[in-house]
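Here is what TrEMBL records for this protein:
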type	residues	note
COMPBIAS	141-157	compositional bias 'Low complexity'
COMPBIAS	272-289	compositional bias 'Polar residues'
DOMAIN	173-262	domain 'CS'
DOMAIN	284-374	domain 'SGS'
REGION	141-166	region 'Disordered'
REGION	270-291	region 'Disordered'
REPEAT	2-35	repeat 'TPR'
REPEAT	36-69	repeat 'TPR'
Amino acid sequence: MASDLEKKAKEAFVDDDFELAVDLYSQALELDPTNALLYADRAQAYIKLDSFTEAVSDATKAIQLDPSMSKAYFRKGTACMKLEEYQTAKAALEAGAALVPDDNRFTKLIKECDERIAEEAMEIPPTTTRPVTVAVRTTTISSTPSDSSPNANSSDSQAVSNSTVQSVAVPTKPRFRHDYYNSTTEVVLTIFAKGIPKENVSVDFGEQILSVVVDVPGEEPYHYQPRLFGKIIPEKCRFTVLSTKIEIRLFKAEAITWASLEFSDKKALPQKVNTPASTSQRPTYPSSKSKVDWDKLEAQVKKEEKEEKLDGDAGLNKFFRDIYQDADEDTRRAMSKSFVESNGTVLSTNWKDVGAKKVEGTPPDGMELRKWEI
């Protein structure tokens, strides 16, 4: 069944019916949730729909399931570039290029990333918006005395034209653009603020309130203080200031899907991930065209994976996969880099050891090292 749905999804993609392709790939993934190729292909359909956040999520999942899939790196890099996350895009493209060094598409996009990163480094911070003074001409009419007034005359009833100046504040768009995406346990908020020093950024976490302040000397302070869609655990939240953005990770108090970032009385009540399906419409990801409950599916898959007992190579692969999924960012980077650069013969979790050098392949005794042919 999954293969039939995959075939239909590819046909829909060729016919430029990308929404149908996403739905069909989603149905196929319900039947085969560990199929890396389905995630990679659905990522491409999301790119065609300009749903770049979903595309990044699917491509990342494909890479986790199959680190040797070059097209998953390419699609992640492409989607990240559309989101202006050029550093992340470059890292994904370089990892993919290491798998297929003869593919010029990677080289072209990596070069474009380098150009964008260089432009951001040279970009001048935006100047403070000030009110604009606009000259407005008004007409003032003098009052007319009554006929009984002894001082009444024709000149008193004439209109007198005066010019006055008023200050009009011209409305402006928000200084920094922001975007977000959900996972089962957290919400990742990205504020696209380029070249902001870390010491000029202040982030405070409340139970359901977030406060972000960017205060650069000589510029108007930027304040963003939304009431969040759901409650968070402040002590588990964190933020990182990068060269092109501020990344804020909000740890959810409940495993529910946020239908939006900010709270609204008009929004549907959130439902827990494992709650049985009801007749009401469940919240979905902001720009997703699919109606599949991904949080519930992910929770179910993780439960099955933990209960599954495998032997031999399958058990070893599951062991390494579990380490990767539960690891921090540096450990994941170390595992991916060592695995890719050594052509699958080395898997290290120490980023300090492998981060500053190329990891050479070390095949077992009596075996010859050969690069993968994709």
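Cβ atoms here come from the backbone N, Cα and C positions, even for glycine.
Those TrEMBL annotations? Automatic predictions, nothing curated.
DSSP places the residues of the repeat 'TPR' (2-35) in helix, strand and coil in these numbers: 27 helix, 0 strand, 7 coil. If one looks beyond the repeat 'TPR' (36-69) by at least 6 residues along the same chain, the residues whose Cβ comes under 8 Å of a Cβ in the stretch are 2, 6, 9-10, 13, 16, 18-19, 21-22, 25-26, 28-29, 75-76, 78-80, 82-83, 92, 99, 179, 181, 285-289, 321, 324-325, 336, 339-340, 344, 372, 374. For the repeat 'TPR' (36-69), residue counts in helix, strand and coil come to 27 helix, 0 strand, 7 coil, using DSSP. Here the domain 'CS' (173-262) is broken down by DSSP into helix, strand and coil counts: 6 helix, 43 strand, 41 coil.
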